[in-house]
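S.K.: First the structure, then my questions, so here it is.
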Amino acid sequence: MNPIVFSTILTTAIMGTVIVMMSSHWLMVWIGFEMNLLAIIPILMKKFNPRAMEASTKYFLTQATASMLLMSAIIINLMHSGQWTITKMFNPTASAIMTSALIMKLGLSPFHFWVPEVTQGISLMSGLILLTWQKLAPMSILYQIAPSINLDMLMTSALLSILVGGWGGLNQTQLRKIMAYSSIAHMGWMTAILTYNPTMTMLNMLIYIMMTLTTFMLLMLNSSTTTLSLSHTWNKTPLITSLILIIMLSLGGLPPLSGFIPKWMIIQELTKNNSIILPTSMAIMALLNLYFYLRLTYSTSLTMFPSTNNMKMKWQFENSKQMSLLPTLIIMSTLLLPLMPTMSILN
């Protein structure tokens, strides 16, 4: 792709997301979503092949359907209230349709079907954009309309997402699909706490993006897309392979790694609101997610066939501008737990 064309498309995608996040008018929100959608399709299809075309088509159809539902909710709300302001959504029908549209855009269950398939069909860089940047705009709208949202629908979707995110990743050997199911589960945790403490949702999103960014950067550095290819890199780049596995355990929420912080804080916040069954169910379902990360770590590092290796091992990162942030991201993705007392200001 021509660099000028690619820069223009990327700028349009970024502008679309920024417009959604900064707008208080429903029409501008819808325009921002459409700008972002039309610009992100060529980015997903940057490596032009049949699988990328199929994945991009699935993504386009799903997001277009969600945009149609979004506009329907906006029109229904406008007919009943006469308001275009985001925060003024009082009609229950409009609220339910809006919740469904945003759930579909985020890839939450039961509209999660597109996330693993689309992520698997595109490159690692496109997958990183899909699972991080593309979550910001819908989550920002959920954050703004949290007081008037359909709570029952949102909590049901959150619980189903945590369950599906753990259950779906159990038999996967493709690392991109594993990351996709992990994303579904994390989105479930974020939406579960949204109506109780929206600020905590944003903190969870920040930690999730940081860990996902680190994982994808290491996978790109290692050129690994399957569990088999990851295990084959152990003799060549043991440091990078070890870091990938540690950060994946952090994504699973294993203490004392950074990924444990949001789960701990969310469970604590839910119990403060006299909710016992919900956090207990979430904690039990999160064990499925942690299990497949532990199994991946075990099969990759502890069940290797003993062999003599005459290759030179790479114990240092190659110098490159793209990887200059990587050491900082690795530290933050694994060692944030000592900052936990500082985060008590959210309570």
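Cβ coordinates come from backbone N, Cα and C, glycine included.
In case it helps, Swiss-Prot gives these features for our protein:
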- 3-23: transmembrane segment (TRANSMEM)
- 25-45: transmembrane segment (TRANSMEM)
- 59-79: transmembrane segment (TRANSMEM)
- 111-131: transmembrane segment (TRANSMEM)
- 149-169: transmembrane segment (TRANSMEM)
- 178-198: transmembrane segment (TRANSMEM)
- 201-221: transmembrane segment (TRANSMEM)
- 242-262: transmembrane segment (TRANSMEM)
- 274-294: transmembrane segment (TRANSMEM)
- 325-345: transmembrane segment (TRANSMEM)
S.K.: Short question: which residues 6 or more past the ends of the transmembrane segment (178-198) have a Cβ under 8 Å from it?
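M.R.: For the transmembrane segment (178-198), the far contacts come to 106-109, 112, 115-116, 118-120, 127, 131, 135, 139, 142-143, 146-147, 149, 151, 154-155, 157-162, 164-166, 168-169, 172, 204-205, 208, 212, 215-216, 248, 251-252, 262-263, 266, 269-270, 273, 278, 282, 286, 289, 292, 296, 346.
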S.K.: What same-chain residues lie close to the transmembrane segment (149-169): Cβ under 8 Å, and 6 or more beyond its ends?
M.R.: 92, 95-96, 98-100, 103, 108-110, 112, 116, 142, 177-178, 181-189, 191-192, 194-195, 278, 281-282, 285-289, 291-292
S.K.: Which sequence-distant residues neighbour the transmembrane segment (274-294)? Criterion: at least 6 residues beyond either end, Cβ under 8 Å.
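M.R.: Distant Cβ neighbours of the transmembrane segment (274-294) are 155, 159, 162-163, 165-167, 169-170, 172, 178, 181-182, 185, 188-189, 192, 248-249, 251-254, 263, 266-267.
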S.K.: In the same chain, who gets a Cβ under 8 Å from the transmembrane segment (111-131) while lying at least 6 residues past its ends?
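M.R.: Residues 40, 43-47, 51-52, 54-56, 58-59, 62, 66, 100, 103-104, 161, 164, 168, 174, 176-177, 179-181, 183-184, 212-213, 216-217, 219-220, 225.
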S.K.: Other than its close neighbours in sequence, what residues sit by the transmembrane segment (25-45), given a CB gap under 8 Å and a spacing of at least six beyond its ends?
M.R.: 1, 6, 9-10, 12-13, 15-19, 52-53, 55-56, 59-60, 63-64, 67, 70-71, 74, 77-78, 84-86, 105, 118, 122, 126, 129-130, 134, 137, 141
